[in-house]
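Asks: This is the structure, below, for whatever I ask next.
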């Protein structure tokens, strides 16, 4: 297998690859053909429309223009359908060329980090445990989440340059890039689940937070472990490989997270408005805009670097 082909191959997946120089039309048509990417595409494309419908339905019911309390929800819901749509597009057009594949996933990583920030903004506004509301940690939570997303997009994009020569390091860096922003976002949830100070309004959403956390951890395990295809290469090429299962878990986790946030926003509104300062424009739209700007700068930088980096020589096999 030459270097150009190796970029397109995944561990444990033997059959079902599309041509590595596919046209955009061929990529779109592949949605209706059975390849090893088909279910990767549909498991995020269909949910992206569902989450968009939830966003539009909420937009019609809530007065976002005059109610600053709802701004974090607007930000969160908008990022919830952007990331699966970007993912489905990345999987659709990733077989156009080697560099196109990398750029597609740069954009995918940017969308994932945008959703991570959207989650942090919603958590800060609606889900923080009572013992942490209005603390220093609470005040700087979103600001540090912005920094996390900027570092994460840079690290995840850089990892793609290591795929061939240092695949293990590539995987470690990519997992770290996605895991630590999620871990940061989850701190208030973990504190809340182990806190006894929450009233009945807080307890209503806790089962959703618990299920979301468990399924998100399962998704991370599937992404890292390459199971089950690693145990039976070729058997799960089209249906049932780890990335498909990862997609399903991520979508289910997002749905549970969304239900929890809706519950917290509704049931804790009176208490939150009485005990904390309503979210400002800079903490919501400002944070998202800053993330988008730095993400695009990162993506542009690494995209240009793709065309300036010479092809690495294949390492000789050890004898």
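Glycine residues also receive a Cβ, built from the backbone N, Cα and C atoms like all the rest.
Below are the features I grabbed from TrEMBL:
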- 73-93: transmembrane segment (TRANSMEM)
- 91, 243, 247: Zn(2+) binding site (BINDING)
- 105-126: transmembrane segment (TRANSMEM)
- 138-161: transmembrane segment (TRANSMEM)
- 285-307: transmembrane segment (TRANSMEM)
Asks: Checking distant contacts: for the transmembrane segment (285-307), what same-chain residues at least six beyond its ends satisfy Cβ-Cβ under 8 A?
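Replies: Contacts with the transmembrane segment (285-307): 71, 75, 79, 99, 102-103, 106-107, 110, 113-114, 117-118, 121, 142-143, 145-146, 149-150, 153-154, 157-158, 160-161.
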Asks: Could you say which of the binding-site residues 91, 243, 247 has its Cβ with the most other Cβ atoms inside 10 Å?
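Replies: Answer returned by the neighbour count: 91.
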Asks: Setting 91, 243, 247 aside, what same-chain residues sit with their Cβ within 8 Å of the center of the Cβ atoms that define the Zn(2+) site, listed in sequence order?
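Replies: Once 91, 243, 247 are set aside, the remaining close residues are 37, 39, 40, 41, 43, 44, 87, 244, 246.
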